[in-house]
Every structure is written in C-alpha cells, then in structure tokens.
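K.L.:
Handing you a structure now.
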Amino acid sequence: MCEDEATVFSLQPDIWEAPRDDVFLRFNMSLQQVAASVSEFSVCSRVFPTALTTLQVLFSYATADDTANILVMYIKNTNLTFRYNNKPQKAIQNVSLFTIPRQWRHYCHVVAGETYTLYLDGEVLASGSVDADDRILPLNGTFIVGQEQDALSRGMNKNQILKGYVTQIDFWSYGLLAKDVEALAKCRSKMVGDVYSSERDETELFHVESKSLPLSELCRKEEFTVVFPELRTFEKAEEICHLIKTEIYTLDTTESNNDSLHFAPAELCHKKKMWIGLIYDTDSDAWRKLSDGEVIARTNFARDQPDNPNREQCVLMDTNTGLWSDYTCSTNKACTLCGSRSPSLLYLRGACRHTKTETMFEVNGYLRGKPLFHGYYGFMIMLDEDQKWILFDTTTNESLARVTGDTQYPLGKHVWVLARPLCDRSPGEFLPFSLSACQDGQFMCHNGECIDVANRCDGTDDCKDETDEQNCTILMIPSGYIKSKPHSHTDRHPSESFQPILLFQFLRFLGIDDVRHTVSLEMNITVQWKDTRLTYRNLRRKAYNNVLLKIDNIWRPVLLFPNVRAGEVSLHNEHVYVERTGAPQEGDHNSVDMDLIYDGNAARLVQEQKYSGSFECDFNVFYYPFDIQLCHVEIALDSRERASFSDLRVAVRGPERDGVHASASASSRQPPARPHTLLQQNLLLAPQHRRRQDGRRLVPLLHFPPLPHHPRPHIHRVPREEEVVPGEGWWHCTEGRGEGVRQEDAVCGSVLRRATRGGRVPVWVLVQAVHAYVISGGDEWLSLRSRIDA
C-alpha cells in the first residue's frame, strides 16, 4: 500500500442486508509491546455509515467478562456515550449529534491529565473533567470494532453494530495534541497509534473485506445527485428537485459533466436530454448557476451553441455526448438531474417510529427505473413488481404497506394500506403517511411542498395545491369531554370553585328613569378562562385571528343578571376566540399534518359579549339636589358546577373615546340565598346643576369602588376642562349632606367652580384609586377628555 493510501474495512455496508452479530474486527491488546497499562490515551477512527441501528457502536474494549465496558463508544439516536472503565463521561452526556449516512466522519477521544476531549472532524465537540473511579486502563484485553461485546470477545447483538466502512483506527498511549488530531482529520497526516494501528498491526477480520483508498478520497466533499427520468419542463423540474431539498444540478467542470453520464443507470435517460442548473442572464450576458447565481466558469456547449440565449434561456445536456444546447424553458421537456452538496434528508411521518432519526430517509440508488428512498434504519420506499410504491423492511425482509391509487412518487401525503400490523392497526386498514423534506417549524403541503408554519391557515394560499388553507379548525375536543362541567384546576382543592377572569366595559347610558327606578345602559362583558382538557392547533399571534366558529361544544360561562328589570336585557353579539399565552408542544415526529399543537395551559379562551338592559335602582331623592344615587349591575354565573368570580380576577373599564379608557375595579359578594358568587358593579349617579334655563336633571357619574388593598379614591385640582395636571394636592371626596358639607366637599366644590370659569358647562371628575379623569357634561351624555396616571 502506498504512503498516501489508507486501508478501508467494510462492516455490513449493504443497505439491503439485515444486520448480523458476527461481523467485526478484533485485536488482542496483549500482543502490543508498548505498555501494560495506561492512564492517558487517545483512540481515533474514521467512519462512513451506510445505515443506522439502535446502537451504533464504533468500538468496544473488554478485559474480562465482568469488565466488558472498560472502553466503549456508541451513538444512540442522537446521543453520544463514551465509557471509560465503565463510567460514562459527563462531558458529552448533553451533546446531541445526528449521524448522517454516506459521509466520512473522524472521531477522536483524548484523555490527557484530568481532561477528556472529544474531537469531531478535527474540532473539539466537547471537553470536561475525566469521570473514572480508577484511571488505570489495562492493555491486556480485546479491542473490537463493529460490535459491542457484552462479555470478553462475545455476547454480540445484531442491533448494536456499525454498518458501513471504517478506516484509520488507532490507539495511542498518550494524549494527542489538538494540532495532531486536526492534521489526521483533514487527511494531512498518516500518524499511526503506538499501541495499535489498523494500518500496521495484524487484525482479525470476521466477515470483513478490506481495500485501499487514496487518503484524499476520505476528505473529499462529494456532491449528491439523483435523476428523475420522467420528461418535464424546466419549471416542473425545479419543483421535483425542491421536493427533495435540492436544485437542478449545475455541471461547472468537465469532470463533473462527464461524471453526470454515470449518475444513474443508462436506461433512465438513455438517448434523452437532461436539464442542468443553468439560466441565461440577459443583463450580464452570462450563464449563471441556478444554485447560487454565480457566473459559470466553464461551459460545454455543442458546436454552434448557444444559438439564441435571449429566447432560449435554459440548458439541456445530451446524455449520449455530454454536450449542451440552449432551449426554451417552458415548452421543452427533458429528464431532471437534481443535486446538492449534502445528502437530501426526507422524513416519513405517520408510521409510528420511536425516534425522529427512525423517520429519516434519503434518495439512494434506483430500482425498476425509479429513485429509491432509503430509510436510515432499514426501511425502503420503492416500486414493487406491480409498479406500486411500497414500504419495505429490510431487517425482516417483508412489505409493511402500499400506497393506494396511482402516484408518480410517494412524496407528500398519501393514504397507505397496511400489509403487516403497524401503529396498533391490522393488515388491510388504511393509514395516512407523508414523505417530505419539511423540517420543524414548517408545514407540509399535501404535494410535499414545504412552507413556513406561520403561513398555515392565514387566509392566503401559500401551497400550490392550496392545502395550507384546509382543515383549519382550531379547537380539538377530546373524547369524553363534558361540556356542562367547567374546568377544574388540578392545583386547587376539590372544594374550591373554578374562577374565570371577568372584564366589565361600560359603553354608554341609554336612559335613567327615576319614576320606574331603572337605569338603562350598554356594556361589553369579557370572560377569560383556561380549559386544560382542550388542545388547539396553529394559533395565530393575534387573538382575533383565532375565532372559534363552533362554540356550543365546549363549556363556557353563561351570565345571569339578577337585578335586570322584567328580563329587559339583550345579547346583541358574541365572539369566542383563543388567546395564545404559551409555547406550542414539541413537534411530534410522527405527525403527518405537522400542525403546531397548543395544550390547554398554553392558551386561554376569551368570550366577548355585548349586552344592553335596564337595571333596577332604588332612587332616594330626599336630599335633592345634594343627593347621590348608588345603582349597580349584578352579574352571576349560571353553572351546574362550582364556579365563581374573585375580586382579584375582575377588571372594569369606563367609556372609551379616541382609544382612551377608564379602568377600575369591582367587588363581588356571595348572597346566602344564591349558590354562586354574585358580582356587583356599582354606578354612582349625582345631580348636575346646569347654569342654563333648561332646569335640572340627573346626570350619571360612574363610580368604581376600589379593591380593599387599594387606597381610597382621591381627586386633583382641575385647572382646565381638557387637562388634569398631577401635583401634590389630592383630596378625599365624601358624600355631601346639604349644609353639613365638610371641608373636603368644599374643596371638591371649588374644583367644580374653577372648572366652570368663563361660563362653560360644569365638569365632573371621574375618581378612582390612582387615576383622575375629566368627564364633560353638556348636551351630549358623557365624553372622556383625558387621562393622567398618578
């Protein structure tokens, strides 16, 4: 073997072959003459997996049956484990690494001093303190590559293997320097281990073949290509390439152009033309790569070509000669060559796989004139003899399912009929599967196209097949849901009631009748609550985009108004929507639809209702015109189960004008005769003395009682009608009693007198705990002018 070559060993590389437990390399460490034991060492190897297994074991070292894990390195799903004297190294326990088949990766484990370091492709992946009860590593055991030994040189398991190729396996009796590891990984060095080297030492091979490869081949970045033999226009060729996350392949060197003639079996595109990834740029008069827009450095046009690039802006290659010609993009059809710099990663969803890596597929090879979809863990999606797409398990050598109907490729969402039990379903039953390149955070259109999940159900057709606007129901109700019962919080005592949040928004007074003793008004009542029994799909950021269309299938609060007069209350309109309050659940790798799912704790239901009604009020005008009338609106929950309002879960708003609103609080009480908590919203009515000749009348002044923990209401001096200026002078306004008005009332009166200077109409001040609001009383009812926060 030449100095610039390396010996490559094959370990069950055939993707069609079921895994075995008798394929491995073995070296007896007792044969080495370097040391009897070590406390510092380095172990490196270069690996090219062709498929994955439950446990991908890179190497295993045992000195006896009860010390089988004295050294072992394996990958399970995406988790790495390196055991040193049977102790997992904590430095890499949180490292996640996905193994990509058909790529060379260089691993190197270095124990030097008190530090363990894992290098991947010459760079530090993780480093930390060595975890080992005993640092002494005896060098008299069995070193095995390709299997995990549960006892000394035995106890193999076919699901704990390495499937692919391995080379440059070396063991040193000291810790390598970082520069040496990098040189090895980048193929700049052939430094071999002093304890063991697969290049130097005689190694036992069990059903293993070996061959020599140039060292440069191990570090060459290969491009991945696939041929779709059907004839397509350039636009359709782009679409099929995008479905597997590739572009129409660009042939920018003579070598790659010649290689392209051997990308696929000759019959796929024999005597046909093939689209290549070039497009003519009329502005720069140059041919540019479709992948990155760069001007191509070298072309391979046939004689007298291109002959009309301004109209024929695409390029076809003759698969017999390899020569190019310019053609019209929209009318001509040819087979398609797709390519990328990394393997095209696809996901099969719906087949009930345990881990995400088990859903991963690649396009690898051809069968019966079509590309073959290879699952990393032994599944195949391929054409059978009847030209039907089937899901085939190479580990058991049996077909699992078949696509129903005719489809050119299994990409996208299709219905499959089961041939074997799967997902707790019996043969003959139907299941939807999807195969696409869509990642987390994307939505898969039914044709396999990927769009941002934020575009799902946004009212715009982002998928070419328009499936992103189908099945946009937000609400998912579980079986056994009882809509007559409110949700019961698990963190509450069973005897405690469920307490929704209520927002009372006063809109306007419709009338005051001191004869019938009623006040009529309009109001909005908003109730918010969480129902953890429910789940939601694809919630939008803005809550008003999450309106529920069917609201009669879930529990929601029904409001009663005990002090309404003769049933004179009307519900004018109502809406129920969902407000997003948390993050969606972690994506389910088996979800065919790839919707974002929110559980009941990550969202709350909001019910908005607009009412108008007349409410009873006991007017006492004995002290008129110095009287103040206190009216209220009573709101109760009508529920068969325990549900109540709480003072701390109620908010109130006053009249809105120009986006300014008054906010305050409300109180609740529990009358002994009523089974549910009653919310009482107070309204304070005071007479207004007009300085015109139209007499006197009652004008409503809203008064919102503060919560117990708030300070008493205060009022500020009002210099002008349009403005409230904060300052030091705040007074407590009490109820006036004719001639017995106290000093505080005189201050309030002076405020009113100062506010009416110049003959303007009187101005009332809306008082609450920490805000002052100017309300003008004129021919109009109430108008809010401004708000100043204290």
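We number each residue from 1, going along the chain as drawn.
For all residues, glycine too, the Cβ spot is worked out from N, Cα and C.
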K.L.:
For the disulfide involving C450, grab the partner from C438, C463, C472 as TrEMBL records it.
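P.N.:
Checking TrEMBL: disulfide partner of C450 resolves to C438.
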K.L.:
Of the candidates C457, C463, which does TrEMBL name as forming a disulfide with C472?
P.N.:
C457
K.L.:
Just jot down the residues in the same chain as C457 (disulfide bond), at least 6 apart in sequence, with C-beta under 8 A of its C-beta; none if empty.
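P.N.:
Long-range Cβ contacts: D468, E469, C472, N538, R540.
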K.L.:
Using a Cβ cut-off under 8 Å and a sequence separation of 6 or more, which residues in the same chain sit near C445 (disulfide bond)?
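P.N.:
Listed in sequence order, they are G412, I451, C463, K464, D465, T467, D468.
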K.L.:
Kindly report the helix/strand/coil residue split of the domain 'C-type lectin' (232-330) according to DSSP, in that order.
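P.N.:
The counts are 19 helix, 27 strand, 53 coil.
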K.L.:
C438 (disulfide bond) has how many other Cβ neighbours within 10 Å of its own Cβ?
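P.N.:
Taking all protein chains shown, C438 (disulfide bond) has 22 Cβ neighbours within 10 Å.
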K.L.:
Looking at the disulfide-bonded residues C450, C463, C472, which one has the fewest other Cβ atoms within 10 Å of its own Cβ?
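P.N.:
Result for the disulfide-bonded residues C450, C463, C472: minimum number of other Cβ atoms within 10 Å at C472.
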K.L.:
So, three-state DSSP: helix, strand or coil for C472 (disulfide bond)?
P.N.:
coil
